[in-house]
Amino acid sequence: MLLLGCIREVTDYELAISLPNGLSGFVPVTQISDAYSKLLTKQVAQGELMEELSSLPDMYSPGTLVRCIVTSIEKSDDGRRSVKLSIDPRKVNKGLNSTALAAGMVLSGSVLSVEDHGYLIDIGVTGTHAFLPHQKAKNYIKAVKKGPELQIGQNLNCLVVEVKNEGRVVCLSIDRSEVAASIATEQQNWTLSNLLPGLVVKARVQKVVPLGMKLTFLSYFSGIVDFMHMDPEKSTSYFPDQGVKACVLSVHPTSRAVRLTLLSSFLHPGGAPRQLPGQRLGAVLEEATVKAFYKHFGAVLELDDGTLAFARLKHLSKTRKSFKPEAFKEGCKHKCRIIDYSLMDEMCVVSLKHQVIEARFLQYQDIHTGDVVQGKVVSLKSIGMQVKVADGIRGLVPSLHLSDVILKQPEKKYSIGDEVKCRVLECNPGGKKLILTLKKSLVQSKLPVLSNYEDAKPGLITHGFVVCAREFGCIVKFYNDVKGLVPKNELSSEPISCPDKVFYEGQVLKVMVLKCEPQQERLLLSFRLSSKPGPEEKWKCTPKEKREVKYQIGEIVDVKILKKKDNGLEVSILEDEDNVVAWIPTLHLSDFVATSKLLWHCLREGDVLPRVMYLSDKGEHIILSRKSAVISAVQEEQVVRSFSEIQPGMLLTGYVRNVMPFGVFVEFPFGVTGLAPKVSMSDKFVTDTKDHFVVGQTVIAKVMSIDEEKQRVLLNLKVSECSSGDSAAESFALLDQYFKELKEIRDFLRRGEPRICELVPGKGVHLVVQDVREDGSALFSGSSVTGLTVTATRYHLGDKNVAPGEKRKALVLHVDALTSEVHVSLREELLKQRP
């Protein structure tokens, strides 16, 4: 079937064509012309770019009319039909032969070669040589501004000026004024077998019907003009035997049915249809008036600016059952949304469907980088997942972005039809390219979206994902292909010698911008989100010259508390003539993090702490530790004093120095530090490293591997890997130490809070119900718990109904000395077991 179409979009690989009656199709790069296809084949064979081969955007512009022939209609998986077209003159003009050529004809041609005095044009007629002189092309070239001369494969609207030697030689013109003035006549001997779309003819109205009218032209031809192609200003004034000017839109090959248009933009060859203002597409109109309703097609509506629009039948209501024809009588008003514009019909296409009117996206231009969108899984392939975001809008989730971790079998997590929440990584409306991510840490991120280099101001903290980890550092990518470098020294506050062992492709991390050069598209980043010194580093002690005594790591001393600070204790070492001042960080008061905080709470300035171990001398102050497990490891020589002593398989006692998203740094006595990567942190799956470890926590680590050249130690913190064999004995020893420290805390507490020390778990107390809360828990008071908050949860009230003022006997379950809270139970089964 032959059709007149209008180029809607141009890409490197195809032309998107607007066809009559709101249809569309595409012309692949291989269906431009025979000469262009040969150049493409030659370029592929040579493997290098050829100067004479121009790209489609260099030759074609949106808004240009072209003659097309339908080559195939393909059906996609979701039932949509795709119309494949060709503009190759050999296919479009196949009905013509050299004897049928006549002066005044307008037909399609394609540049075959560039000669000294003009161009050889392929008009698709065997045995005919068509020549276009430079003089007949210069005005066209100047107007189109696509280069100094025509390019091979460029499609042209050609006027036959002269025919020589019985059609074997033809002289052409593409001068716009000459082409526009031409009208097809009977003398040109057109037949139904070679009639071409795009011809402008003089016609006569034969019959007027509600859906259009019938015309006669070129003496004995007849054709149809449908309601969308009647001049809207004259649509009610057409009458039989009226003379009109018309343009051929399509010719059916078998039925010989000819369709024409009376729209003014097409009434001279090579015309250009009117465009829709860009801002109108997607606009929602509160009131559009019905002008006409066609029960098998749809409705024509008048918009707020007086222009006409068409709504297809399926867009008039949600379902066929809910459709009410009486709502579309002439004059009825409806809310609608402009969803498309048909260039060949010069008419907006609208929808009255509520879900379309409310839809967030209608076209790729509506989507912005960083948007969070809902989509439906369409397909799963090796390159990733295809997601339908809206009708006509699809995006790709690359395999790397299917999850926060790399999925080896994504089909086990996702199924076709699943609803998914994605974030837009990149959107290119021109190329209809939409790249999405399903990484939760990116989708749920509240940090700024970095989508261009100009926004990368120093100090900005945002989320990015690792695309490359090498010896020099990590390459981190953001949105719109913005990427930067995290150099080796900015990967962590601890040295990392092999980044590729710590970081993995696709890993999402917080990064801070250090420096940006937008013009060079250079970005310097850091995983160290703050360069500010921590509280421990801010603490200053007595100058170095005041302490000449040299203590050895592992040496045990007694200390006296001089001052309590937020993050630790300032102490003086007893039996030292120089009164050397040292520092015990809060987290080094005990092996147990909770106990450390409790000890700090109940200790006072002036208290003496026995058996504290010298740990290190960093900069200007001595650091001491009271961690029992660390002290025991040093005294029993279960330590390494230098890197050279470390061997794979060793079990070492240390403490967490830093918790990073990619793993945990552990420090041991004598200063050796190692890294436990995320995969080796726990027997459970680790999503967030901070859920498993805290800074200062005492740990037993197993040495996995060492790199002597780079002074690097990799550790394993999995409980299943870090037991020496007698796990029961180890557990009891830890419990024993825990209870000893609790007893010590109780002794300290007796000085200021004796009442809380008497309340040990398992003790029975007499209480008075003070209040019953909305959640069912109860609040108590009593002489034995004055100044304390005593509560029992709903479960621990048992089956008893309690009311304010009642006296009850209760059992102490837990005492929190830090918050002065006591938890009790009234359950009979617990009270009976109390000795």
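Using N, Cα and C of the backbone, Cβ positions are placed for all residues, glycine too.
TrEMBL: automatically predicted annotations, no manual curation.
Here the structure is a predicted model, which means the values were calculated and not measured.
According to TrEMBL, the feature domain 'S1 motif' maps to 1-88, 104-175, 198-263, 282-353, 370-439, 459-528, 554-627, 649-718.
Only sequence-distant pairs (6 or more apart) were considered; of these, at least three Cβ pairs between the domain 'S1 motif' (1-88) and the domain 'S1 motif' (198-263) are under 8 A, so the stretches are in contact. Confidence in the domain 'S1 motif' (370-439), given as mean pLDDT, stands at 89. Touching of the domain 'S1 motif' (370-439) and the domain 'S1 motif' (459-528) is concluded from the presence of at least three CB pairs under 8 A, sequence neighbours closer than 6 excluded. Comparison of 198-263, 459-528, 554-627, 649-718 by number of C-beta pairs under 8 angstroms to the domain 'S1 motif' (104-175) places 198-263 first. Contact between the domain 'S1 motif' (459-528) and the domain 'S1 motif' (649-718) is supported: at least 3 Cβ pairs lie under 8 Å, counting only residues 6 or more apart in sequence.
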